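K.L.:
Have a look at this one.
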Amino acid sequence: MAKGKIVQVIGPVVDIEFPAEELPSILNAITIKGKSGDIDINLTVEVMQHLGDGITRCIAMSSTDGLTRGMEAVDTGSPIKVPVGEETLGRVFNVLGQTVDHNPAPVGNKEFWPIHRPAPKFDEQETSTQILETGIKVVDLIAPYSRGGKIGLFGGAGVGKTVLIMELIHNIATQHGGYSVFSGVGERTREGNDLWSEMTESGVINKTALVYGQMNEPPGARMRVALTGLTMAEYFRDVQHQDVLLFIDNIFRFIQAGSEVSALLGRMPSAVGYQPTLTTDVGALQERITSTKKGSITSVQAVYVPADDLTDPGPAATFTHLDATTVLSRQIAELGIYPAVDPLDSTSRILDPHVIGEDHYEVARGVQAVLQKYKELQDIIAILGMEELSDADKLTVARARKIQRFLSQPFFVAEQFTGSPGKYVPLKETIRGFKEILEGKYDDLPESAFYMVGSIDEAVEAAKKIKQEA
């Protein structure tokens, strides 16, 4: 293993000189161990540039406090390697694959994979498009997820992103037997801790590996932590032939960290100060998330949109890769309808009769048409009241309100808060329920019967109870 010495430290950027014939490759991990006063230093840096004269410019994965010129650095001969396999489940890791949950390190972990890996070749990829059933009515009906697809999750603070993420993890684990990997990229440490606590309480932690690189970490760690999580997910896909869920919260912070690193390396910025390699960086990550003939990685990515500007180069680079968008709406959350998914704003590439079938497509578009009409009538209702509407419009409003309530659903992971047992609704049942509402089969039932139930049969039962109590 080649040894070099530090010649310059500027914040998270470390320049290391190696013998010219032993220069480490780009993306290799280099370890620096030593003591500086009372501080024990154990730092990993990643090679980013060769400056000539045997000097490599590296980016640190943790704090560079205490580093001095002349300290010894050792080339590991490979990129950062992280543990993979079932031993990672139920644990919290950092970007280097070290456990940070204060429990003993995983015992018997045999395999370590490098975080920089090629994307699957064309001939390895699955060509057919299949729907991934989530058991969440509004998602399966309006904006269905494709197996091995990429989904953007948009929503402000407090509208239920985390609960939706945990429900997806729960349903994939129980119904598909699949594992999940959660990459926390550049978000609040408190949120990461809350997620871990909630997962532990709801019991989904044993099917999940958590990888965190929070906003207090140097940009190198935030830029690479998504790749650490992705590598763990790739093992479950390629070796265990699983259908894996990969959550990235937040994909924008990955781009932001890349832009910080780019500036630190002295590259000329492009539009709005982003790195010139923006589309390459995003593409290198997204192309590895796909279905192969062995298994699939379906990715749900929370997308922060700076200043709500969808044309910003950061989010715009992400949108080109997404197959579906799930938009959470504060207005719907205020009505008490959870999950607060906006059925008119959420989209999916596979909402196409050739992929999901004519029946599903017709029902989904029918539901959207009724809700859109209701939205248009709301101003009239607010000013003139329901009495001024025509009979046809009154019927549309009544059905729309039933549909709106029927899009709500009790979640398994929220059982201890709501007191209602969670419901997994198969896709066939979801389509049947909404189809029958659109056909007018339940026009005589009270709309409250449709709120927070699973299948349509439960709504009918709830209506009977309401009638008896009245």
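Positions of Cβ are set from backbone N, Cα and C atoms, glycine also.
Straight from Swiss-Prot, here's the annotation block:
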BINDING   Gly155, Gly156, Ala157, Gly158, Val159, Gly160, Lys161, Thr162  ATP binding site
K.L.:
Look at the binding-site residues Gly155, Gly156, Gly158, Gly160 and tell me which residue has the greatest number of other C-beta atoms within 10 angstroms of its C-beta.
P.N.:
Gly155
K.L.:
Excluding Gly155, Gly156, Ala157, Gly158, Val159, Gly160, Lys161, Thr162, please set out which residues of the same chain place their CB within 8 Å of the center of the CB atoms of the ATP site, keeping sequence order.
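P.N.:
In sequence order, the nearby non-listed residues are Leu328, Ala333, Ala340.
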K.L.:
Can you see whether DSSP assigns Thr162 (ATP binding site) to helix, strand or coil?
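P.N.:
The three-state answer is helix.
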K.L.:
List the residues of the same chain that sit at least 6 positions away from Val159 (ATP binding site) in sequence and have their Cβ under 8 Å from its Cβ, in sequence order, or write 'none'.
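P.N.:
Looking at Cβ-Cβ distances below 8 Å from Val159 (ATP binding site), excluding near sequence neighbours, one finds Leu328, Ser329, Arg330, Ala333, Ala340.
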